[in-house]
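Database features (TrEMBL):
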DOMAIN    74-189  domain 'Tetrahydrofolate dehydrogenase/cyclohydrolase catalytic'
DOMAIN    208-364  domain 'Tetrahydrofolate dehydrogenase/cyclohydrolase NAD(P)-binding'
Amino acid sequence: MSAGLPVRLELSDVRLRPCSRLRSARPVVGQRQAADPFPLSGPLDLLGLAATAAAWELVGGVGVRGARHEAIVISGTEMAKQIQKEVQQGVEAWLALGNERPHLSIVLVGDNPASHTYVRNKIRAASATGICSELILKPKEVSQEELLDITDQLNMDPKVSGILVQLPLPDHVDERTVCNGISPGKDVDGFHVINMGRLCLDQHSFIPATAGAVWEIIKRTGIETFGKNVVVAGRSKNVGLPIAMLLHSDGDHERPGGDATVTIAHRYTPREQLKTQTRLADVIVVAAGVPKLITPDMVKEGAAVIDVGINYICDPVTGKTTLVGDVDFEAVRKKAGFISPVPGGVGPVTVAMLLRNTLLAAQKVIY
């Protein structure tokens, strides 16, 4: 859809239904259950629908007449481009007011190939949005005291807007201590105990980028959470917990949440019990680090499935390493309503949310 061009949609191709938390109705793409559409007739100003149609492009296209047989695949790559464009515009507006360019400092320890790849993606994306970045490389033998000295120096540097210490860290370094060594106002990863505490209290804070990405995908895709059942598979303090907090908290609070009923599963949840919960879920968020943990028999017809898993597996035939998520993607997409792929789903949006946090840190919006 080109910007500035008129949008023409056939009303017979769009069905509307009331939305509990929104003032306007939301078009339903390929809705599976029966619903009474609003009676519409005659000419209609479609400016409001134009924005929604643009959002539909991010999730696979506009709903059309007739049933759909596969889930709408959410393009995190396209959504990330849109968010990065918004960040870029924010940076330009910030500079136009005479402020200094936002600056992100990244500390990378060791030679973990995945960590190096993630950091390269962050630096590349920062450059594309007009955010300055620097990379501080340290060997895996670096001491915890040296890392804390580095974060102290960055905390005191007025030119540094945001600080990120790439995880995981070597075993001899306590990650929580290092994360808490970053000033809350520069903690763009959102891992400081103050940011985590404010998140749990529904207050404004820097939201961990991955959790923020899941929430942003849900909102921009138009997936309902109000009064819905949600299962979060994974209870890590940096991913699973903040996702659950965002989805279950009150939509009328200082930091609005999803008003969902959330069940958290983890490694000790028996598979049959997990299956019982996921089959009742309207939304399933999987961040367990277990390939093909979620299979079609565990998914309710039309449910939204957000895959946060990152697993590198070796193809037994080719011997090549492949990146996969926690969901049996090809099988589940035939039953779900929405599904995010791996790669190209949550990952790119996570990077975009990190850059948004960096801009907010420079603007001192949170602290």
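Using N, Cα and C of the backbone, Cβ positions are placed for all residues, glycine too.
The structure displayed is predicted, hence computed values, not measured ones.
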Requested in this report: Take every residue in the domain 'Tetrahydrofolate dehydrogenase/cyclohydrolase catalytic' (74-189), average their pLDDT values, and give the whole-number result.
Outcome: 97
Query raised in the report: For the domain 'Tetrahydrofolate dehydrogenase/cyclohydrolase catalytic' (74-189), DSSP counts of helix, strand and coil?
Result: 60 helix, 19 strand, 37 coil
